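Input: a single structure, listed below in C-alpha coordinates.
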Amino acid sequence: NAVIGRYRLSVQSTSSDSSSPASLGTFVLLFNPWSSGDDVFMPNKAECEEYVLEEFGIIFAGNKNHINNFGWNFGQFQGDILNICLSMLDRSLNYRQDPATDVSHRNDPKYLGRVLSAMVNANDDQGVLLGNWSGNYEGGKSPSSWTGSGEILQNWKKSGFRPVRYGQCWVFAAVLTTVLRCLGIPTRTITNFSSAHDADRNLRVDEFYDASGNHLDRTADSIWNFHVWNESWFSRSDLGPSYSGWQVLDATPQEESGGIYQCGPASRKAIKEGDVDLDYDCPFVFAEVNADCMYWNYDPATGKKTLIFSKSTVIGQFISTKAVGRDDRVDVTNDYKYEEGSTKERDIFKKARKKLGLEDKFDPTAPTPQEVDQKPDISGKFKVAGPLEVGKDLNLILVLTNLQSDVKTAHVNMTAWSTVYTRRPVHEIWKDSISVTLSPKEEKKFPIKIPYTEYQQQLTTDNTIQVTALCHVEGGIQVLVQRDITLDNPAIYIQILGEAKVNKEVDVEVIFTNPIDMEVMDCVLQVEGNDLLRGILETDVPSLKASEKSSIKFKLIPFETGPKHLLVNFSCDKFAAIKTFKMVNV
(Lines of atoms letter the chains of each structure in order from A and count residues from 1; the text may use other names and numbers.)
(Lines give C-alpha, C1' and ligand atoms only; values in the text may rest on other atoms or scores of the structure.)
Protein backbone atom coordinates (compact mmCIF):
# COMPACT_ATOMS: atom_id res chain seq x y z
CA ASN A 1 0.00 0.00 0.00
CA ALA A 2 2.95 2.33 -0.59
CA VAL A 3 2.52 5.50 -2.65
CA ILE A 4 3.34 4.86 -6.33
CA GLY A 5 5.69 7.08 -8.33
CA ARG A 6 9.38 7.91 -8.70
CA TYR A 7 11.61 7.45 -5.66
CA ARG A 8 15.17 8.62 -5.05
CA LEU A 9 17.40 5.98 -3.53
CA SER A 10 20.53 6.92 -1.60
CA VAL A 11 22.85 5.21 0.83
CA GLN A 12 24.19 6.70 4.05
CA SER A 13 27.34 5.23 5.49
CA THR A 14 27.46 5.29 9.30
CA SER A 15 31.18 4.61 9.63
CA SER A 16 32.62 7.42 7.54
CA ASP A 17 32.58 11.00 8.72
CA SER A 18 30.95 12.34 5.55
CA SER A 19 27.36 13.21 6.37
CA SER A 20 25.99 13.58 2.85
CA PRO A 21 24.37 10.39 1.52
CA ALA A 22 25.52 8.94 -1.81
CA SER A 23 22.83 8.80 -4.48
CA LEU A 24 22.24 5.39 -6.05
CA GLY A 25 19.71 6.72 -8.59
CA THR A 26 15.94 6.52 -8.88
CA PHE A 27 13.33 3.80 -9.26
CA VAL A 28 9.62 3.83 -10.06
CA LEU A 29 7.11 2.00 -7.86
CA LEU A 30 3.88 0.79 -9.51
CA PHE A 31 0.73 -1.06 -8.46
CA ASN A 32 1.16 -4.84 -8.51
CA PRO A 33 -1.88 -6.90 -9.61
CA TRP A 34 0.13 -10.14 -9.06
CA SER A 35 0.52 -9.41 -5.34
CA SER A 36 -2.32 -10.58 -3.10
CA GLY A 37 -1.92 -7.67 -0.67
CA ASP A 38 -2.37 -5.01 -3.35
CA ASP A 39 -5.67 -3.14 -3.84
CA VAL A 40 -5.46 -4.07 -7.54
CA PHE A 41 -4.75 -7.79 -6.94
CA MET A 42 -6.23 -9.87 -9.77
CA PRO A 43 -6.16 -13.61 -8.98
CA ASN A 44 -6.51 -14.72 -12.61
CA LYS A 45 -3.06 -14.64 -14.31
CA ALA A 46 -4.47 -14.67 -17.86
CA GLU A 47 -6.50 -11.56 -16.97
CA CYS A 48 -3.37 -9.85 -15.60
CA GLU A 49 -1.63 -10.57 -18.92
CA GLU A 50 -4.51 -9.05 -20.91
CA TYR A 51 -5.46 -6.10 -18.72
CA VAL A 52 -1.97 -4.94 -17.66
CA LEU A 53 0.65 -6.32 -20.05
CA GLU A 54 -1.19 -6.39 -23.40
CA GLU A 55 -0.33 -3.36 -25.55
CA PHE A 56 -2.88 -4.07 -28.29
CA GLY A 57 -6.66 -3.80 -27.97
CA ILE A 58 -9.88 -3.96 -29.94
CA ILE A 59 -12.57 -1.32 -29.52
CA PHE A 60 -16.18 -1.94 -30.56
CA ALA A 61 -18.26 0.71 -32.33
CA GLY A 62 -21.09 1.09 -34.89
CA ASN A 63 -24.63 0.69 -33.57
CA LYS A 64 -26.81 -1.97 -31.96
CA ASN A 65 -27.95 -3.36 -35.34
CA HIS A 66 -24.44 -3.39 -36.76
CA ILE A 67 -21.44 -3.77 -34.42
CA ASN A 68 -18.02 -3.19 -35.93
CA ASN A 69 -14.57 -2.91 -34.39
CA PHE A 70 -11.07 -1.53 -34.89
CA GLY A 71 -7.65 -2.18 -33.39
CA TRP A 72 -5.82 0.18 -31.03
CA ASN A 73 -2.20 0.42 -29.97
CA PHE A 74 -2.23 1.17 -26.21
CA GLY A 75 1.60 1.06 -26.16
CA GLN A 76 1.86 1.52 -22.38
CA PHE A 77 5.47 0.21 -22.29
CA GLN A 78 6.85 2.28 -25.16
CA GLY A 79 9.59 4.88 -24.64
CA ASP A 80 8.74 7.86 -22.44
CA ILE A 81 5.09 6.83 -21.81
CA LEU A 82 5.75 6.07 -18.12
CA ASN A 83 7.36 9.51 -17.66
CA ILE A 84 4.37 11.17 -19.35
CA CYS A 85 1.93 9.25 -17.11
CA LEU A 86 3.81 10.33 -13.98
CA SER A 87 3.92 13.95 -15.14
CA MET A 88 0.16 13.72 -15.74
CA LEU A 89 -0.29 13.15 -12.00
CA ASP A 90 1.83 16.22 -11.22
CA ARG A 91 -0.25 18.39 -13.55
CA SER A 92 -3.61 17.53 -11.98
CA LEU A 93 -5.69 20.18 -10.19
CA ASN A 94 -5.37 18.23 -6.92
CA TYR A 95 -1.57 18.28 -7.06
CA ARG A 96 -1.47 21.99 -7.98
CA GLN A 97 -3.77 22.85 -5.06
CA ASP A 98 -2.11 20.68 -2.40
CA PRO A 99 0.91 18.61 -3.52
CA ALA A 100 1.56 16.88 -0.19
CA THR A 101 -2.01 15.63 0.26
CA ASP A 102 -2.25 14.58 -3.39
CA VAL A 103 0.96 12.52 -3.22
CA SER A 104 -0.09 10.91 0.07
CA HIS A 105 -3.20 9.52 -1.73
CA ARG A 106 -1.27 7.97 -4.60
CA ASN A 107 -1.42 4.52 -3.01
CA ASP A 108 -5.18 4.46 -3.65
CA PRO A 109 -6.34 3.26 -7.09
CA LYS A 110 -9.81 4.78 -6.67
CA TYR A 111 -8.24 8.19 -6.01
CA LEU A 112 -5.86 7.93 -8.99
CA GLY A 113 -8.57 6.56 -11.29
CA ARG A 114 -10.75 9.57 -10.54
CA VAL A 115 -7.90 12.08 -10.92
CA LEU A 116 -6.79 10.55 -14.23
CA SER A 117 -10.36 10.44 -15.60
CA ALA A 118 -10.20 14.25 -15.25
CA MET A 119 -6.66 14.60 -16.66
CA VAL A 120 -7.30 12.68 -19.90
CA ASN A 121 -9.78 15.37 -21.02
CA ALA A 122 -8.66 18.98 -21.47
CA ASN A 123 -11.59 20.55 -19.58
CA ASP A 124 -10.67 22.30 -16.31
CA ASP A 125 -6.99 21.31 -16.16
CA GLN A 126 -5.30 21.57 -19.59
CA GLY A 127 -5.41 17.77 -19.75
CA VAL A 128 -4.43 15.54 -22.64
CA LEU A 129 -7.28 15.65 -25.17
CA LEU A 130 -9.73 18.26 -26.39
CA GLY A 131 -13.14 16.79 -27.28
CA ASN A 132 -14.93 17.76 -30.49
CA TRP A 133 -18.28 16.34 -31.64
CA SER A 134 -19.12 18.98 -34.26
CA GLY A 135 -18.26 16.97 -37.37
CA ASN A 136 -15.71 19.68 -38.29
CA TYR A 137 -12.16 18.87 -37.14
CA GLU A 138 -10.16 21.74 -38.66
CA GLY A 139 -7.10 22.72 -36.65
CA GLY A 140 -6.47 19.17 -35.47
CA LYS A 141 -6.78 15.48 -36.27
CA SER A 142 -10.19 13.90 -36.75
CA PRO A 143 -10.86 11.60 -33.77
CA SER A 144 -11.37 8.61 -36.07
CA SER A 145 -7.87 8.97 -37.58
CA TRP A 146 -5.88 7.99 -34.44
CA THR A 147 -4.67 4.39 -34.21
CA GLY A 148 -2.89 4.48 -30.85
CA SER A 149 -2.38 6.38 -27.60
CA GLY A 150 1.39 6.89 -27.98
CA GLU A 151 1.19 9.63 -30.59
CA ILE A 152 -1.41 11.51 -28.52
CA LEU A 153 0.58 11.35 -25.24
CA GLN A 154 3.87 12.25 -27.02
CA ASN A 155 2.19 15.20 -28.79
CA TRP A 156 0.81 16.44 -25.46
CA LYS A 157 4.29 16.44 -23.92
CA LYS A 158 6.04 17.87 -27.02
CA SER A 159 3.63 20.82 -27.22
CA GLY A 160 4.46 21.83 -23.64
CA PHE A 161 1.37 19.98 -22.32
CA ARG A 162 -1.19 21.77 -24.49
CA PRO A 163 -4.35 19.72 -25.16
CA VAL A 164 -4.17 17.54 -28.28
CA ARG A 165 -6.93 18.10 -30.86
CA TYR A 166 -9.30 16.11 -31.09
CA GLY A 167 -10.82 13.29 -29.07
CA GLN A 168 -14.15 11.50 -28.90
CA CYS A 169 -15.21 8.85 -26.38
CA TRP A 170 -13.14 5.90 -27.60
CA VAL A 171 -10.00 8.07 -27.78
CA PHE A 172 -10.46 9.28 -24.18
CA ALA A 173 -11.09 5.68 -23.05
CA ALA A 174 -8.14 4.26 -24.97
CA VAL A 175 -5.72 6.86 -23.56
CA LEU A 176 -7.00 6.22 -20.01
CA THR A 177 -6.46 2.47 -20.59
CA THR A 178 -2.85 3.18 -21.58
CA VAL A 179 -2.17 5.34 -18.51
CA LEU A 180 -3.77 2.97 -15.98
CA ARG A 181 -2.15 -0.17 -17.44
CA CYS A 182 1.16 1.66 -17.42
CA LEU A 183 0.76 2.31 -13.67
CA GLY A 184 -0.16 -1.34 -13.03
CA ILE A 185 -3.95 -1.02 -12.64
CA PRO A 186 -5.84 -3.70 -14.65
CA THR A 187 -8.03 -1.79 -17.13
CA ARG A 188 -10.16 -2.45 -20.21
CA THR A 189 -12.40 -0.51 -22.59
CA ILE A 190 -16.17 -1.11 -22.56
CA THR A 191 -18.57 -0.15 -25.36
CA ASN A 192 -22.24 0.46 -24.51
CA PHE A 193 -24.64 0.55 -27.48
CA SER A 194 -27.62 2.95 -27.36
CA SER A 195 -25.97 4.78 -24.48
CA ALA A 196 -27.96 7.43 -22.63
CA HIS A 197 -26.56 10.81 -21.65
CA ASP A 198 -29.00 11.86 -18.93
CA ALA A 199 -28.13 15.50 -18.29
CA ASP A 200 -30.83 16.30 -15.73
CA ARG A 201 -30.52 13.23 -13.46
CA ASN A 202 -34.11 12.05 -13.84
CA LEU A 203 -33.22 8.61 -15.34
CA ARG A 204 -35.14 9.69 -18.43
CA VAL A 205 -33.92 10.79 -21.82
CA ASP A 206 -36.14 13.05 -23.92
CA GLU A 207 -35.86 13.34 -27.71
CA PHE A 208 -37.79 15.89 -29.75
CA TYR A 209 -38.96 15.78 -33.39
CA ASP A 210 -40.77 18.43 -35.43
CA ALA A 211 -43.80 17.74 -37.63
CA SER A 212 -41.54 16.97 -40.62
CA GLY A 213 -39.74 14.27 -38.67
CA ASN A 214 -36.53 16.25 -38.12
CA HIS A 215 -34.64 15.28 -34.95
CA LEU A 216 -34.38 18.54 -32.99
CA ASP A 217 -31.28 19.43 -31.01
CA ARG A 218 -33.14 21.12 -28.13
CA THR A 219 -32.16 19.18 -25.00
CA ALA A 220 -28.95 18.27 -23.23
CA ASP A 221 -30.22 14.66 -23.07
CA SER A 222 -29.15 12.34 -25.87
CA ILE A 223 -28.89 8.70 -26.88
CA TRP A 224 -25.54 7.88 -28.46
CA ASN A 225 -25.20 5.05 -31.01
CA PHE A 226 -22.41 3.86 -28.76
CA HIS A 227 -20.26 5.17 -25.94
CA VAL A 228 -16.91 3.85 -24.74
CA TRP A 229 -15.72 4.02 -21.12
CA ASN A 230 -13.30 2.08 -18.92
CA GLU A 231 -13.43 -0.57 -16.26
CA SER A 232 -10.55 -0.86 -13.81
CA TRP A 233 -10.11 -3.65 -11.28
CA PHE A 234 -9.55 -2.78 -7.61
CA SER A 235 -11.01 -3.19 -4.15
CA ARG A 236 -13.47 -0.73 -2.59
CA SER A 237 -12.56 -0.50 1.09
CA ASP A 238 -14.84 2.57 1.25
CA LEU A 239 -17.94 0.57 0.20
CA GLY A 240 -17.27 -2.98 1.37
CA PRO A 241 -16.01 -6.17 -0.29
CA SER A 242 -19.17 -6.91 -2.31
CA TYR A 243 -18.55 -3.72 -4.33
CA SER A 244 -14.92 -4.57 -5.21
CA GLY A 245 -13.85 -5.81 -8.65
CA TRP A 246 -14.59 -3.92 -11.87
CA GLN A 247 -15.11 -0.16 -11.41
CA VAL A 248 -16.42 2.19 -14.12
CA LEU A 249 -14.26 5.22 -14.99
CA ASP A 250 -15.13 7.61 -17.82
CA ALA A 251 -12.74 10.28 -19.11
CA THR A 252 -15.13 11.66 -21.75
CA PRO A 253 -16.25 15.11 -20.54
CA GLN A 254 -20.06 14.79 -20.36
CA GLU A 255 -21.21 16.12 -16.98
CA GLU A 256 -19.35 17.76 -14.10
CA SER A 257 -18.78 15.77 -10.92
CA GLY A 258 -17.55 17.65 -7.88
CA GLY A 259 -17.26 20.75 -10.07
CA ILE A 260 -14.97 19.23 -12.73
CA TYR A 261 -15.28 16.87 -15.67
CA GLN A 262 -14.43 13.52 -14.13
CA CYS A 263 -16.45 10.34 -13.69
CA GLY A 264 -16.06 7.35 -11.38
CA PRO A 265 -15.02 5.04 -10.02
CA ALA A 266 -18.57 3.64 -9.92
CA SER A 267 -18.76 0.04 -8.74
CA ARG A 268 -20.24 -2.13 -11.48
CA LYS A 269 -21.97 -4.18 -8.78
CA ALA A 270 -23.61 -0.99 -7.42
CA ILE A 271 -24.91 -0.17 -10.92
CA LYS A 272 -26.45 -3.65 -11.31
CA GLU A 273 -28.12 -3.49 -7.89
CA GLY A 274 -29.39 0.10 -8.29
CA ASP A 275 -27.28 1.39 -5.39
CA VAL A 276 -27.03 4.82 -6.97
CA ASP A 277 -26.33 6.56 -3.65
CA LEU A 278 -22.79 5.10 -3.49
CA ASP A 279 -19.61 6.93 -4.59
CA TYR A 280 -18.84 7.94 -7.31
CA ASP A 281 -21.23 9.10 -10.06
CA CYS A 282 -23.45 6.01 -9.96
CA PRO A 283 -26.63 7.88 -11.07
CA PHE A 284 -24.97 8.99 -14.33
CA VAL A 285 -23.56 5.53 -15.14
CA PHE A 286 -26.83 3.83 -14.11
CA ALA A 287 -28.71 6.09 -16.56
CA GLU A 288 -26.23 5.33 -19.38
CA VAL A 289 -27.35 1.68 -19.33
CA ASN A 290 -30.90 1.94 -17.91
CA ALA A 291 -32.63 5.26 -18.60
CA ASP A 292 -36.16 5.28 -20.01
CA CYS A 293 -36.68 7.00 -23.39
CA MET A 294 -39.41 9.48 -24.23
CA TYR A 295 -39.95 10.58 -27.84
CA TRP A 296 -41.86 13.84 -28.25
CA ASN A 297 -43.30 15.87 -31.08
CA TYR A 298 -42.45 19.54 -30.57
CA ASP A 299 -44.00 22.54 -32.29
CA PRO A 300 -41.47 25.41 -32.28
CA ALA A 301 -44.21 27.96 -33.08
CA THR A 302 -46.36 27.21 -30.00
CA GLY A 303 -43.80 25.46 -27.78
CA LYS A 304 -46.30 22.63 -27.34
CA LYS A 305 -44.95 19.10 -26.92
CA THR A 306 -46.86 15.86 -27.38
CA LEU A 307 -45.59 12.45 -26.35
CA ILE A 308 -45.26 10.09 -29.34
CA PHE A 309 -44.16 7.05 -27.33
CA SER A 310 -41.92 5.90 -24.49
CA LYS A 311 -39.68 2.85 -24.21
CA SER A 312 -37.88 1.31 -21.25
CA THR A 313 -35.89 -1.35 -23.13
CA VAL A 314 -33.95 0.75 -25.68
CA ILE A 315 -30.98 1.92 -23.61
CA GLY A 316 -27.87 -0.12 -22.79
CA GLN A 317 -27.53 -2.96 -25.28
CA PHE A 318 -24.75 -5.38 -26.29
CA ILE A 319 -22.29 -3.97 -23.73
CA SER A 320 -19.00 -5.22 -25.18
CA THR A 321 -15.32 -5.73 -24.45
CA LYS A 322 -12.44 -7.68 -25.98
CA ALA A 323 -12.01 -11.30 -24.86
CA VAL A 324 -9.00 -12.29 -22.73
CA GLY A 325 -6.26 -13.65 -24.99
CA ARG A 326 -8.44 -13.59 -28.14
CA ASP A 327 -9.63 -11.00 -30.66
CA ASP A 328 -13.33 -11.76 -29.99
CA ARG A 329 -16.19 -9.69 -28.56
CA VAL A 330 -17.50 -10.62 -25.11
CA ASP A 331 -20.94 -9.41 -24.04
CA VAL A 332 -21.04 -8.12 -20.45
CA THR A 333 -24.58 -6.63 -20.47
CA ASN A 334 -25.69 -9.04 -17.72
CA ASP A 335 -22.96 -7.69 -15.42
CA TYR A 336 -24.57 -4.22 -15.66
CA LYS A 337 -28.24 -5.08 -15.30
CA TYR A 338 -30.82 -7.80 -14.87
CA GLU A 339 -32.60 -8.93 -18.01
CA GLU A 340 -34.57 -6.17 -19.73
CA GLY A 341 -38.30 -6.53 -19.18
CA SER A 342 -37.90 -8.80 -16.14
CA THR A 343 -39.63 -7.80 -12.89
CA LYS A 344 -36.22 -7.76 -11.14
CA GLU A 345 -34.92 -5.19 -13.65
CA ARG A 346 -37.99 -2.94 -13.13
CA ASP A 347 -37.67 -3.33 -9.33
CA ILE A 348 -34.04 -2.17 -9.50
CA PHE A 349 -35.08 0.79 -11.68
CA LYS A 350 -37.74 1.78 -9.09
CA LYS A 351 -35.18 1.36 -6.28
CA ALA A 352 -32.77 3.71 -8.11
CA ARG A 353 -35.53 6.29 -8.71
CA LYS A 354 -36.45 6.13 -5.03
CA LYS A 355 -32.85 6.62 -3.91
CA LEU A 356 -32.61 9.68 -6.17
CA GLY A 357 -35.85 11.06 -4.70
CA LEU A 358 -37.65 10.85 -8.05
CA GLU A 359 -40.54 8.65 -6.90
CA ASP A 360 -42.14 11.20 -4.56
CA LYS A 361 -41.42 14.37 -6.51
CA PHE A 362 -43.91 15.73 -9.06
CA ASP A 363 -42.15 16.16 -12.41
CA PRO A 364 -43.96 18.71 -14.61
CA THR A 365 -41.91 17.61 -17.67
CA ALA A 366 -42.94 13.95 -17.37
CA PRO A 367 -45.73 12.55 -19.57
CA THR A 368 -49.08 11.79 -17.97
CA PRO A 369 -50.04 8.12 -17.39
CA GLN A 370 -52.71 8.61 -20.09
CA GLU A 371 -50.07 9.74 -22.58
CA VAL A 372 -47.83 6.77 -21.72
CA ASP A 373 -50.68 4.25 -22.08
CA GLN A 374 -52.06 5.47 -25.42
CA LYS A 375 -51.89 2.86 -28.18
CA PRO A 376 -50.94 3.62 -31.81
CA ASP A 377 -53.13 2.56 -34.73
CA ILE A 378 -50.24 1.67 -37.02
CA SER A 379 -46.71 0.38 -36.55
CA GLY A 380 -43.69 0.90 -38.74
CA LYS A 381 -40.09 -0.07 -39.26
CA PHE A 382 -37.23 0.58 -41.68
CA LYS A 383 -35.73 -2.52 -43.27
CA VAL A 384 -32.36 -2.53 -44.99
CA ALA A 385 -32.51 -3.68 -48.61
CA GLY A 386 -28.96 -3.86 -49.94
CA PRO A 387 -25.40 -3.22 -48.82
CA LEU A 388 -24.62 -0.62 -46.13
CA GLU A 389 -21.39 0.64 -47.66
CA VAL A 390 -19.93 4.09 -48.25
CA GLY A 391 -19.93 4.60 -52.02
CA LYS A 392 -23.11 2.57 -52.65
CA ASP A 393 -26.68 3.89 -52.85
CA LEU A 394 -28.61 3.44 -49.61
CA ASN A 395 -31.70 1.24 -50.17
CA LEU A 396 -34.30 0.94 -47.42
CA ILE A 397 -37.89 -0.21 -47.16
CA LEU A 398 -40.40 1.57 -44.94
CA VAL A 399 -42.85 -1.09 -43.73
CA LEU A 400 -46.15 0.24 -42.32
CA THR A 401 -48.77 -2.03 -40.74
CA ASN A 402 -52.35 -1.20 -39.78
CA LEU A 403 -52.93 -2.69 -36.33
CA GLN A 404 -56.68 -1.98 -36.34
CA SER A 405 -59.68 -3.61 -38.03
CA ASP A 406 -60.77 -0.43 -39.81
CA VAL A 407 -59.16 1.60 -42.60
CA LYS A 408 -56.44 4.06 -41.53
CA THR A 409 -55.02 7.02 -43.43
CA ALA A 410 -51.70 8.62 -42.62
CA HIS A 411 -49.53 11.40 -43.93
CA VAL A 412 -45.88 10.40 -43.62
CA ASN A 413 -42.99 12.90 -43.48
CA MET A 414 -39.57 11.33 -44.01
CA THR A 415 -36.09 12.77 -43.52
CA ALA A 416 -32.52 11.52 -43.59
CA TRP A 417 -29.73 13.39 -41.85
CA SER A 418 -26.03 12.72 -41.55
CA THR A 419 -25.05 12.58 -37.88
CA VAL A 420 -22.06 12.08 -35.64
CA TYR A 421 -22.04 8.84 -33.61
CA THR A 422 -23.75 10.67 -30.72
CA ARG A 423 -26.74 10.98 -33.10
CA ARG A 424 -26.38 14.75 -33.25
CA PRO A 425 -27.78 15.81 -36.65
CA VAL A 426 -25.22 17.58 -38.87
CA HIS A 427 -26.60 17.92 -42.45
CA GLU A 428 -29.94 17.17 -44.05
CA ILE A 429 -29.45 14.65 -46.86
CA TRP A 430 -32.94 13.85 -48.12
CA LYS A 431 -36.62 14.38 -47.44
CA ASP A 432 -39.90 13.16 -48.88
CA SER A 433 -43.53 12.78 -47.89
CA ILE A 434 -46.26 10.33 -48.86
CA SER A 435 -49.92 9.78 -48.08
CA VAL A 436 -50.87 6.24 -47.19
CA THR A 437 -54.19 4.40 -46.89
CA LEU A 438 -54.04 1.04 -45.11
CA SER A 439 -56.90 -1.49 -45.21
CA PRO A 440 -57.67 -3.35 -41.96
CA LYS A 441 -54.54 -5.24 -40.73
CA GLU A 442 -52.79 -4.43 -44.03
CA GLU A 443 -48.99 -4.19 -44.35
CA LYS A 444 -47.52 -1.98 -47.07
CA LYS A 445 -43.90 -1.55 -48.19
CA PHE A 446 -42.42 1.67 -49.55
CA PRO A 447 -38.95 1.45 -51.10
CA ILE A 448 -36.58 4.36 -50.38
CA LYS A 449 -33.41 5.06 -52.33
CA ILE A 450 -30.83 7.63 -51.26
CA PRO A 451 -28.14 7.78 -53.98
CA TYR A 452 -24.46 8.00 -52.98
CA THR A 453 -24.20 11.29 -54.89
CA GLU A 454 -26.83 12.77 -52.52
CA TYR A 455 -25.17 11.77 -49.24
CA GLN A 456 -21.47 11.78 -50.20
CA GLN A 457 -20.85 15.48 -49.51
CA GLN A 458 -22.79 15.46 -46.22
CA LEU A 459 -21.41 12.32 -44.56
CA THR A 460 -19.36 12.79 -41.36
CA THR A 461 -16.26 10.71 -40.55
CA ASP A 462 -18.56 8.46 -38.47
CA ASN A 463 -20.42 7.32 -41.65
CA THR A 464 -23.75 7.58 -39.79
CA ILE A 465 -27.17 8.50 -41.17
CA GLN A 466 -30.41 8.79 -39.20
CA VAL A 467 -33.57 8.05 -41.17
CA THR A 468 -36.92 9.13 -39.71
CA ALA A 469 -40.56 8.81 -40.75
CA LEU A 470 -43.15 10.68 -38.71
CA CYS A 471 -46.62 9.34 -39.49
CA HIS A 472 -49.53 11.68 -38.81
CA VAL A 473 -52.43 9.22 -38.49
CA GLU A 474 -55.91 10.67 -39.02
CA GLY A 475 -57.84 10.48 -35.77
CA GLY A 476 -54.98 8.73 -33.95
CA ILE A 477 -51.68 9.42 -32.26
CA GLN A 478 -48.52 10.09 -34.26
CA VAL A 479 -46.15 7.23 -34.96
CA LEU A 480 -42.38 7.73 -35.13
CA VAL A 481 -40.29 5.29 -37.14
CA GLN A 482 -36.55 5.76 -37.06
CA ARG A 483 -33.34 3.90 -37.75
CA ASP A 484 -29.69 4.75 -37.31
CA ILE A 485 -27.55 3.49 -40.16
CA THR A 486 -23.79 3.01 -39.91
CA LEU A 487 -22.15 2.56 -43.32
CA ASP A 488 -19.06 0.37 -43.64
CA ASN A 489 -15.92 1.67 -45.25
CA PRO A 490 -14.48 -0.39 -48.12
CA ALA A 491 -11.99 -3.08 -47.13
CA ILE A 492 -8.22 -2.75 -47.03
CA TYR A 493 -5.83 -5.70 -46.79
CA ILE A 494 -2.37 -6.25 -45.27
CA GLN A 495 -0.03 -8.96 -46.50
CA ILE A 496 3.29 -9.88 -44.89
CA LEU A 497 5.55 -11.05 -47.74
CA GLY A 498 7.88 -13.54 -46.09
CA GLU A 499 8.80 -14.47 -42.54
CA ALA A 500 9.15 -11.80 -39.86
CA LYS A 501 12.44 -12.18 -37.92
CA VAL A 502 14.17 -9.90 -35.43
CA ASN A 503 16.55 -7.39 -37.07
CA LYS A 504 15.75 -8.73 -40.57
CA GLU A 505 13.90 -6.70 -43.20
CA VAL A 506 10.47 -8.00 -44.18
CA ASP A 507 8.25 -6.59 -46.95
CA VAL A 508 4.66 -5.60 -46.24
CA GLU A 509 2.02 -4.87 -48.86
CA VAL A 510 -1.18 -2.93 -48.23
CA ILE A 511 -3.85 -3.35 -50.92
CA PHE A 512 -6.81 -1.03 -51.48
CA THR A 513 -9.27 -0.96 -54.39
CA ASN A 514 -11.27 2.20 -55.07
CA PRO A 515 -14.88 0.88 -55.10
CA ILE A 516 -16.60 3.99 -56.51
CA ASP A 517 -16.85 5.30 -60.05
CA MET A 518 -15.06 8.56 -59.30
CA GLU A 519 -11.44 9.40 -58.58
CA VAL A 520 -10.27 9.42 -54.95
CA MET A 521 -7.57 11.94 -54.04
CA ASP A 522 -5.44 13.12 -51.07
CA CYS A 523 -4.74 9.50 -50.10
CA VAL A 524 -2.57 8.96 -47.00
CA LEU A 525 -1.52 5.67 -45.40
CA GLN A 526 -0.56 5.60 -41.71
CA VAL A 527 1.06 2.52 -40.16
CA GLU A 528 2.07 1.78 -36.57
CA GLY A 529 2.99 -1.29 -34.54
CA ASN A 530 4.99 -1.76 -31.36
CA ASP A 531 8.29 -3.62 -31.82
CA LEU A 532 7.71 -3.69 -35.60
CA LEU A 533 8.57 -0.09 -36.45
CA ARG A 534 9.54 2.98 -34.47
CA GLY A 535 6.99 5.78 -34.41
CA ILE A 536 4.41 6.13 -37.17
CA LEU A 537 5.06 5.57 -40.85
CA GLU A 538 3.10 8.01 -43.03
CA THR A 539 3.01 7.62 -46.81
CA ASP A 540 1.26 9.74 -49.45
CA VAL A 541 -0.50 7.51 -51.97
CA PRO A 542 -1.19 8.62 -55.57
CA SER A 543 -4.81 9.34 -56.55
CA LEU A 544 -6.86 6.34 -57.62
CA LYS A 545 -9.18 6.37 -60.64
CA ALA A 546 -12.56 4.60 -60.53
CA SER A 547 -12.16 0.91 -59.59
CA GLU A 548 -8.35 1.24 -59.62
CA LYS A 549 -6.34 -0.99 -57.27
CA SER A 550 -3.49 0.40 -55.22
CA SER A 551 -0.62 -1.62 -53.81
CA ILE A 552 1.57 0.15 -51.24
CA LYS A 553 4.78 -1.63 -50.22
CA PHE A 554 7.10 -0.82 -47.32
CA LYS A 555 9.71 -2.58 -45.18
CA LEU A 556 9.69 -3.46 -41.49
CA ILE A 557 12.63 -4.43 -39.29
CA PRO A 558 11.07 -6.03 -36.18
CA PHE A 559 13.12 -5.67 -32.98
CA GLU A 560 11.27 -8.03 -30.57
CA THR A 561 10.04 -11.61 -30.89
CA GLY A 562 6.48 -12.75 -30.25
CA PRO A 563 2.99 -11.90 -31.56
CA LYS A 564 2.90 -8.23 -32.64
CA HIS A 565 0.12 -6.16 -34.20
CA LEU A 566 0.43 -3.94 -37.26
CA LEU A 567 -2.26 -1.23 -37.48
CA VAL A 568 -3.13 0.52 -40.72
CA ASN A 569 -5.24 3.63 -41.32
CA PHE A 570 -5.97 4.79 -44.89
CA SER A 571 -7.71 8.11 -45.58
CA CYS A 572 -8.65 10.03 -48.70
CA ASP A 573 -11.11 12.74 -49.75
CA LYS A 574 -14.03 10.29 -50.13
CA PHE A 575 -13.34 7.87 -47.24
CA ALA A 576 -12.33 8.75 -43.69
CA ALA A 577 -10.21 6.36 -41.65
CA ILE A 578 -10.34 2.97 -43.35
CA LYS A 579 -8.74 0.80 -40.66
CA THR A 580 -7.45 -2.72 -40.32
CA PHE A 581 -4.88 -4.63 -38.26
CA LYS A 582 -2.87 -7.80 -38.66
CA MET A 583 -1.11 -10.00 -36.15
CA VAL A 584 2.53 -10.60 -37.12
CA ASN A 585 4.39 -13.47 -35.49
CA VAL A 586 8.01 -12.36 -35.15
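For all residues, glycine too, the Cβ spot is worked out from N, Cα and C.
On a predicted model such as this, the values are computed, not experimentally measured, just so you know.
Straight from TrEMBL, the features:
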type: DOMAIN; residues: 161-253; note: domain 'Transglutaminase-like'
type: ACT_SITE; residues: CYS169; note: active site
type: ACT_SITE; residues: HIS227; note: active site
type: ACT_SITE; residues: ASP250; note: active site
type: BINDING; residues: ASN290, ASP292, GLU340, GLU345; note: Ca(2+) binding site
Rounded Cα separation (Å) that holds between ASN290 (Ca(2+) binding site) and HIS227 (active site): 14
Of the active-site residues listed as CYS169, HIS227, ASP250, the one whose CA lies nearest the CA of ASP292 (Ca(2+) binding site): HIS227
Length of the line joining the Cα atoms of GLU345 (Ca(2+) binding site) and HIS227 (active site), in Å: 22
Spatial separation of GLU340 (Ca(2+) binding site) from ASP250 (active site) - C-alpha basis, Å: 24
Distance from CYS169 (active site) back to HIS227 (active site), taken between C-alpha atoms, in Å: 6
Cα separation, GLU340 (Ca(2+) binding site) to CYS169 (active site) (Å, whole number): 25
8 Å Cβ shell about ASN290, ASP292, GLU340, GLU345 centroid, Ca(2+) site members excluded: ALA291, SER312, THR313, ILE315, GLY316, LYS337, GLY341, ARG346, PHE349
Candidates ASP250, ASP292, GLU340, GLU345: member of the recorded positions with the richest Cβ shell (10 Å): ASP250
